[in-house]
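Peer 1: Got a structure here, written out as structure tokens. Questions coming.
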Amino acid sequence: MASILKDCEEYAVLYLDDVAIFSQTWEDHLKHLDDIFLRLSNAKLHIKPSKCQFAQAYFKYLGHLVGQGLRTPGELKVRVIKDFPIPTNKTQVRAFLGLADYYRKYIPEFSVITAPLTDLLKGRNRKSTGIVLARMHLRSSRQGYLKIQQPLYSPDFTKPFIIQCDASNLGIGVVLSQFFYRRIFKMAKDEYFVLILGLDNAGKTTFLEQTKTKFSKNYKGLNPAKITTTVGLNIGRIDMHGVRLNFWDLGGQEDLQVLWDKYYAECHAIVYIIDSSDIDRLQESKEAFDKMITNPSLVGVPLLLVANKQDIPKCLTVGRIKEVFRESKHLIGRRDCHVLAVSALHGDGVHEGIEWVVHRVRRNTLRPPKKNGDS
């Protein structure tokens, strides 16, 4: 078949015995069809009309919906991935990653989201513990893998291209890109990634929901009564002051804290949530904080300590929490650090906290932002 369709690359693509024919105009399309039909006839090959589709604006091809200058993931295969059974062994984890990897181009930060699962396959975790963590992580975040389905657009050769370069000691890479979406020119935004950490039940997800509600138009946050303990990963994002903040809310159970460091190298700021009403676990929260802050991947990263649940009577004051965490001053170093009184349930202090984070990440030269076209 490859020899039969030689020199047809500009309007025909072959995969095994499937041929996709595409054209800019209807007149050209008829000419291209005639050419392909003639080539098949000369080769004494026959096509079956029941297996053909003609004059389609969009068509399904190899698990993708293609047409009109864009490509999106096929709904059926997306459903298969979302309904994939929770794995019970490494073989099943590997099978899930292989299935999801087919659509990785549609998912920003795919390698970061799946890091806890791929890390398990490298043998860094004990087998039994690793599988338990993988199941918990996948159960919570599986829907997020394909939640952000960004269409892939064909290049517009009438518009300018951007040359993006990157290099390391091993090599250099160059990518041609365009800051376009739906044919409308929009400048790329500075993009930052913020980790929301803390013990379980400290109010991390409630803080994230309040953040999305306050800074996202038409977003209706989850009912606080329906928010459960995070056992994997919650994802959110907001746009403000010309930048984009991406949030990763990670589970705070002791067994899940081993996943935190998989995200340190990519983050630009830490929001550490402290349950100021739970006096009995304050020392436990500080120990988790100390372990986190000593990781070399977080050097210079701005840190916001949120004294949450200030609406509860007899909760610890910000002053008292500062006294306890002052012992970690030598670990915090010279980075930007702020302790803030917050009631995530009522939204008090959330706006002030996010404003603080935005100003600090923008001025932190140690962690430059990523660039992302508006979507």
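Going from the start of the chain as shown, residues are counted 1 onward.
Every residue gets a Cβ built from N, Cα and C, even glycine.
What TrEMBL records for this protein is below:
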- Gly198, Leu199, Asp200, Asn201, Ala202, Gly203, Lys204, Thr205, Gly252, Asn308, Lys309, Gln310, Asp311: GTP binding site (BINDING)
- Thr205, Thr230: Mg(2+) binding site (BINDING)
- 3-64: domain 'Reverse transcriptase' (DOMAIN)
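Just tell me what is around each of these and how deep it sits.
Peer 2: In the structure as shown, the Cβ atom of Lys204 (GTP binding site) sits within 10 Å of 30 other Cβ atoms. DSSP assigns Lys204 (GTP binding site) to a helix in the three-state reduction.
Look at Thr230 (Mg(2+) binding site): DSSP puts it in coil. Summarising the environment of Thr230 (Mg(2+) binding site), the number of other Cβ atoms within 10 Å of its Cβ, over all protein chains shown, is 22.
Helix first, then strand, then coil: DSSP counts for the domain 'Reverse transcriptase' (3-64) stand at 20 helix, 12 strand, 30 coil.
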Peer 1: What subset of the binding-site residues Gly198, Lys309, Asp311 lies within 10 angstroms of Thr230 (Mg(2+) binding site) at the C-alpha level?
Peer 2: none
Peer 1: Taking only same-chain residues 6+ apart in sequence, whose CB is under 8 Å from that of Thr205 (Mg(2+) binding site), what do you get?
Peer 2: Leu222, Ile227, Thr230, Asn234, Asp249
Peer 1: Please find, for Gly198, Leu199, Asp200, Asn201, Ala202, Gly203, Lys204, Thr205, Gly252, Asn308, Lys309, Gln310, Asp311 as listed binding GTP, the greatest distance between any two Cα atoms, in Å.
Peer 2: 22
Peer 1: What number of additional C-beta atoms lies within 10 angstroms of the C-beta atom of Asp200 (GTP binding site)?
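Peer 2: Total other Cβ atoms inside 10 Å, all chains included: 16.
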